[in-house]
Amino acid sequence: MGCVQCKDKEAAKLTEERDGSLNQSSGYRYGTDPTPQHYPSFGVTSIPNYNNFHAAGGQGLTVFGGVNSSSHTGTLRTRGGTGVTLFVALYDYEARTEDDLSFHKGEKFQILNSSEGDWWEARSLTTGETGYIPSNYVAPVDSIQAEEWYFGKLGRKDAERQLLSFGNPRGTFLIRESETTKGAYSLSIRDWDDMKGDHVKHYKIRKLDNGGYYITTRAQFETLQQLVQHYSERAAGLCCRLVVPCHKGMPRLTDLSVKTKDVWEIPRESLQLIKRLGNGQFGEVWMGTWNGNTKVAIKTLKPGTMSPESFLEEAQIMKKLKHDKLVQLYAVVSEEPIYIVTEYMNKGSLLDFLKDGEGRALKLPNLVDMAAQVAAGMAYIERMNYIHRDLRSANILVGNGLICKIADFGLARLIEDNEYTARQGAKFPIKWTAPEAALYGRFTIKSDVWSFGILLTELVTKGRVPYPGMNNREVLEQVERGYRMPCPQDCPISLHELMIHCWKKDPEERPTFEYLQGFLEDYFTATEPQYQPGENL
């Protein structure tokens, strides 16, 4: 980005891997989006012909892990006789700028340049037009990435969330990369029985040395497509036959356009404020549009809330944080009044959702799952050596399907209001803040863990203010003396014990977010095997 104030040394802390994965990936469960593509970078003169790649066994294997039904349908022959891999659109896309292409699902492309990462220059074989397309909207023709049922790098818990979405029948399925076995896949199926009701079963799909696939060695298949066809016709030992692929939501774009990928200070005139969603201490939140065609959320800050120079430095880091449980920062207007442009979440804040929205009717399994999503996002922040500083339900946003994402990470450090910077002033969130942070300004990822424990009480009480009946001064005094909130009504003892662990006086004794994520994701399934053996397989 073109701002000289950026802190290079701070930005260098962040790992700029395109899929958001990390070198220290133990416990990593979520990619930046549900269907990441890991295709090599290539230019127009050297596109490898993956569709004609052959293994020793003579099968038409692609390097993407699938077997082509035809070694020619996905290849464009050039005058020199070489093959160029064609890509197919998996979704419809409406162009946002004059630089990108509109296209429909099923449209085929020749890729001209993939050096821009998330945006590829391509030529449509339907219209002949050339422009940029989002790379996670396409896949190589005839590859498994182009199949409706293939979800790529999707974690077990997110697979369950998608399969258990309202309206999916028994037998809804998807195939994803195995989290535990490199090179293998997992088949996840929505099932139902009298005892458990709706639930998901997972089966490991293993690869043969010669490139085939199997769930049981007695039924082996050359391709994943053949495996799916076989189990679509009969259960053959699975919990039920495969009925319909799980619906894929639209992939998330981490930038507004190819141009804002690197230069994301945008003119105020490109934004339209349409509907005010909220009014806070330091500004307002609006639903709006960018360029008249892209729905976004716009946070407008009151002049004097923070220094534009400091904000730009922090935004440089925030822009690099990319995870599907974090609200994506798209762009900024850095002159006062500062505008922060992010992805739009249509259900609003978790606090309002619990108090006045659909959240009032949620049962414990849904509430624990929402907590697990927040923990997953915070585990990513933890791995990236970042700190939120203001973790509470008001700063969690909710979307369709009870999807939760963390917002406003890092901004609290920049606020210059005296009623906030005093840490015990009227605007400071004392009831969510760890004592070492409130008293001495020692904000760390462990003070975020304390705040997460408070957020858990907000979830199980449907948005009740913490420490009911106590003012900020009383809370600070009582917590210092060792007081901790008692177990809320209808809250399981084991969940309250987790809160107590988050509120340990010694920050180092508090759990990691990686631990919290695992604990909450497995809260109701800890006694079950992760993978089903299958019956009579």
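Cβ from N, Cα, C; glycine included.
Summarising the annotation, Swiss-Prot assigns phosphoserine to S21 (among others).
For S26 (among others), the entry in Swiss-Prot reads phosphoserine, with the evidence type similarity to another entry.
Feature annotation from Swiss-Prot assigns domain 'SH3' to 82-143. In the predicted model, the domain 'SH3' (82-143) has a mean pLDDT of 92.
The domain 'SH2' annotation in Swiss-Prot covers 149-246. Sorting each residue of the domain 'SH2' (149-246) by its DSSP state yields 18 helix, 38 strand, 42 coil.
Residues or ranges marked as phosphotyrosine by Swiss-Prot: Y185 (among others).
According to Swiss-Prot, the feature ATP binding site maps to L277, G278, N279, G280, Q281, F282, G283, E284, V285, K299. DSSP gives V285 (ATP binding site) a strand state.
Residues or ranges marked as phosphotyrosine by Swiss-Prot on the basis of similarity to another entry: Y420 (among others).
Annotated phosphotyrosine per Swiss-Prot: Y531 (among others), in sequence order, evidence recorded as a large-scale study or a structure entry.
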One should report the C-alpha separation between V285 (ATP binding site) and Y185 (phosphotyrosine), rounded to whole angstrom, as 42
Relative to the Cα of Y185 (phosphotyrosine), which of the binding-site residues L277, N279, G283 has the closest Cα? L277
What are the helix, strand and coil residue counts for the domain 'SH3' (82-143) according to DSSP? 3 helix, 30 strand, 29 coil
Intrachain C-beta neighbours of N279 (ATP binding site), sequence separation six or more, cut-off 8 angstroms: V285
